[in-house]
Structures are given as C-alpha cells and as structure tokens.
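**Student:** Here Swiss-Prot flags 8-250 as domain 'ABC transporter'. The feature ATP binding site is assigned by Swiss-Prot to GLY42, TYR43, SER44, GLY45, ALA46, GLY47, LYS48, SER49, with sequence analysis given as support.
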Amino acid sequence: MNEAIIQLDHIDITFHQKKRVIEAVKDVTVHINQGDIYGIVGYSGAGKSTLVRVINLLQAPTNGKITVDGDVTFDQGKIQLSAEALRQKRRDIGMIFQHFNLMAQKTAKENVAFALRHSSLSKTEKEQKVIELLELVGLSERADNYPAQLSGGQKQRVAIARALANDPKILISDEATSALDPKTTKQILALLQELNRKLGLTIVMITHEMQIVKDICNRVAVMQNGVLIEEGPVLDIFSNPKEALTQEFITTATGIDEALEKINQQDIVKHLPANALLAQLKYAGTSTDEPLLNSIYRQFEVTANILYGNIEILDHIPVGDMIVVLEGQAENILAAEKALHEAGVDVSILKRGA
C-alpha cells in the first residue's frame, strides 16, 4: 500500500481584510498517496486555489499540520523547516497553470532551461536535460520556437517540461486545461497519465470540471465554501455521491440530466403503460459484464426497452448508466427489481405507468 506523500491535517486558512475575517479553508484534512492522481474539485470561491498555496508550501495555514514526503513543514501556523530545507521541499513540487506563464522572449528550450538556472548541473548536463524533457512531452521539434509560434496545447507541454526540470515528486495542475479545447485537453490529460506511470509522479488536479476528474483521477475531494464536503475513490464518488453538490458535478460530467430531458419528451414515456415503469440503472465492475436485461426477461418475462445507455472506465473499472422502460406483470417487475439489486445494480424508479 502506498504511503501518503502529502498530508494536510485539520487545515484552517483565515484572512483579515479591514474589518472582515475570511475563512478561506475550514478544517480540511486530505491525505494524498504516492502515485495518486488526486482531484480537488469545486466552483470558484470553494477554496481550491488557497489550498494549492498550502500544498506547494507558499502559504502557511492559520491552523493545522502539513507533512510533505515524511517531513512536517508547517504545524499550527509555524514553519518547521529551515529556510534552505523549505526551498528544497518547494523544488520537489512542480506547478502548471491555466495560462502557461511562459516567457514570450524565450524559446521553448530556453523556457525549460530557465527552471534549471539554480541547478548544480553543468552547462552540458543542463542542455541535455532540456532535450530529454522536451522529448518526454513530445515537443522536440519545437525546441527553437517562441511561445507565439505554439498552439495552446504545445505551450502547456513546454510548461509541463519546465515544471519537471528539477525532478519533482509532486506535480500540481491548477486548472491547467481550462483554456484548452476538448481535443487538446484529452491529449494533455493523456500526457499527464503517461508521466504518472513512467515517472511515478504524484499529480494533484485542481479543477472545477468533474469531467477532468472522471478522465484521469483515482481519488477526488469535493470542496464548497472552504469546506471539504466529500472525499474518496473516484469510482465510489461517481457510483454513490452523498452530497447535492457532488451529484450536480457528476450529472454535468455524465450528461444524464440532458438525456433525461430528451427521454421525457418521448411518447413511450409520456404515455407509460400501466404495467410499465421508467427506471435508471447504475452498475459497476463485474455487473457490467453480465447480460442482466436478458436474464430478467428469461426469468421474469420482464422486457426492457433501453432509452439511454453509457459505459465508461473509471480508475480502470467499467461503470454503466442506463435508462430503461421495464414492462411486465407487477409482481414480476418487483422480482426483477430485486434480482437487479442482488446483482449489484442500483435501481432508481423515475416514473410508474398510470
């Protein structure tokens, strides 16, 4: 089992502005394991960016304890490391941002090399390191191009190479795909996954998009008004969200609400027969492999008209979502519902026939 490389315990962050006291983060505890791709999701003002400054050791918490890679860095608002040790810890954490933060007057390779200016490597070693980093992010052929000559995705690749220059153990992505189109976003996420696997890099994804979490993360924390309201494996959170905000994020990411709006306009749903019901079926893991609808027809003579279906892979596990009209004798439908539950399927009745 991997150990936590980042431990935030009971973190409070309070700001004083004139006569106002702003509680930006309230009693947040998060443990991120080595090798995780960990998502922190929330709307603007949730406290995500403030929490980032705590994780990358730029912001001391008002209260609470921070441990990074086994070393306590802050405890009850006080620095626990020497200035030099704290600088070294910060070098263990790379950052990428929404707007890339590249220097316009420097080429791609010069932007990456800039991150090595305090390195103990020789000039030749630095030059070789830059070549290797640009190759790692798939941008070798653009080494001599300036940012103005690069696409958004290429700029972000340069930024990733720069963030990796000092061999960090942790990479923080602060809304790094928000300015990119969907296709480029997928390419950057695929690159981050590859770096996670190849380098054993721990990645923290700060985002307001649950789609990003769904595509890349293995664990997620949901924040609202400075409070962590829900946390756990992505599969568990998507399969069984507890909080209303989490459910809202998930329905946006899966598109189920939009599907339901269209389904409710269909004649079969508007005029649902008395011996039928509209149901949503959610299932994960091995239950996605079972021919469940065929099974309930054979066993209970209950037919299933599939109006919507979707299967996705979350953290390497298939997760399915389906909206169906089940039709048959009332007692048979009840028996079919029970059989589905026993097979690990979550059944939600959306509408019963009149």
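Here the Cβ of each residue, glycine as well, is placed from N, Cα and C on the backbone.
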**Student:** Residues near the ATP site, GLY42, TYR43, SER44, GLY45, ALA46, GLY47, LYS48, SER49 excluded, by Cβ within 8 Å of the Cβ center?
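**Tutor:** The surrounding set, listed in chain order, is HIS208, MET223.
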**Student:** For the binding-site residues listed here (GLY42, GLY45, GLY47), which one has the lowest count of neighbouring CB atoms within 10 Å of its own CB?
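**Tutor:** The binding-site residues GLY42, GLY45, GLY47 were compared, and GLY45 has the fewest Cβ atoms within 10 Å.
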**Student:** At a 10 Å cut-off from the C-beta of LYS48 (ATP binding site), count the other C-beta atoms across all protein chains.
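**Tutor:** 21, counting other Cβ atoms within 10 Å of LYS48 (ATP binding site).
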**Student:** For each of the binding-site residues (SER44, SER49), count the other CB atoms lying within 10 A of its CB, then report the residue with the highest count.
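**Tutor:** Most Cβ neighbours within 10 Å: SER49.
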**Student:** What three-state class does DSSP give ALA46 (ATP binding site)?
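**Tutor:** Assignment for ALA46 (ATP binding site) reads coil.
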**Student:** Please name the residue among the binding-site residues TYR43, ALA46 whose C-beta has the most neighbouring C-beta atoms within 10 angstroms.
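**Tutor:** By the 10 Å Cβ neighbour count, ALA46 comes out on top.
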